[in-house]
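Please read the structure below before turning to the comments.
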Amino acid sequence: MIKIGSALLVDQGSGLVRTGWLKALAEDIAQLRAEGREVLIVSSGAIAVGRRSLHLEPGRMRLDEKQAAAAAGQIELAHAYRTVMADHAINVAQLLLTLDDSENRRRYLNARNCLETLLRLGVIPVINENDTVTTQEIRFGDNDRLAARVAQMACADALILLSDIDGLYTADPHRDPEARFIPTVTALTPEIAAMAGAALTPHGTGGMVTKLLAARICMDAGCAMAIAPGKDDHALRLLRQGGRQTWFLPAEEPRTARKAWISGALKAEGTLWVDDGAARALAAGSSLLPPGVRTVEGDFQRGAAVRVVGLDGSPLAKGLIAYPSDEARLLVGHRSGDIEALLGYRGREELIHRDDLVLDSRFRHRDEDGEGHRS
């Protein structure tokens, strides 16, 4: 899978598609296809292209104007991709996805089935966020994480983020002359996260922050990811010839498709704060039971994705909760045997069953290093 940023695809001055660059990319993709590889593309650029055709001022667009620009730009981008790929007898298809399409299990599976069918028919899917219907609260916010979610959805072997940077450094190389290049990452440790220059929260923004968040989704799903320079023509060819790039290698034991979907969920609807005993039980593979929960935050329904954090706020896990928020609050601190008396019906013993629970990779590494929670 290849992710193409707006700055690579669209000339920032004129607002036109960089046709020569796109033709060179199409040649590289045609070569990959000739070698028997399936290719998917996640493409930005619709708003930038549409803004020009609608004569809208950059930096001053309202939400409705951005949505209009996206609608106009999608047609131009689709035409550009179809034109350059037709030179190689390759069909393309456009998929517009929203955050909810990846968070809702049924819609996620429907989108995955569509991708699989297109690939079986020899078509290259070109995917973008559906900016015409999304708002700031219900969007990916960047195509790095969209690309990672789709790579997970399509069971891709690798995701290549073509960018204006050539990989990960220990610090910003433009500001720190002693910054060292990192060619390979095998685990997203706190040290690696610190290199992004900001916290890796689900709502994190900024170039390297979103790329590391995308890497976490990919690695947990068993998909390798690369950050590679893409400004020059034939970026993929240069990459294969040994050009500089940072590879994030997947976990040795990738999660099941269901757990990878839970782990990759970007929108947690609530937070459960748990004590040290519960944290140790989670690390040992147990379900989350009511006695170990101290606080329930948020308003959510049964089956919602929630975060599980320690008393110090450190991330422990993400899971699908078995009770709505009002009932979960009633169960806090109580034994599982008290559930029927508290709720008036006999519910599940656990708030989150271990089959619906995924440990945070940072918590797993802390536990393996002997730095887990202690009483």
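Note that Cβ sites are derived from N, Cα and C of the backbone, with glycine treated the same way.
Note on D164 (ATP binding site): other Cβ atoms within 10 Å of its Cβ, all shown chains, come to 11. Here Swiss-Prot flags K3, S163, D164, T205, G206, G207, M208, V209, T210, K211 as ATP binding site, drawing on sequence analysis.
According to DSSP, S44 (substrate binding site) sits in a coil region rather than a helix or strand. According to Swiss-Prot, the substrate binding site annotation covers S44, D131, N143, on the basis of sequence analysis.
Residues or ranges marked as domain 'PUA' in Swiss-Prot (evidence: sequence analysis): 269-346.
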Secondary structure of M208 (ATP binding site) (DSSP, helix/strand/coil): helix
Non-site residues, in chain order, whose CB comes within 8 A of the mean position of the CB atoms of S44, D131, N143 at substrate: S6, S43, G45, A46, I47, N128, E129, D142, L146
Cα-Cα distance linking S44 (substrate binding site) and D164 (ATP binding site), given in Å to the nearest integer: 14
Three-state secondary structure, K3 (ATP binding site) (per DSSP): strand
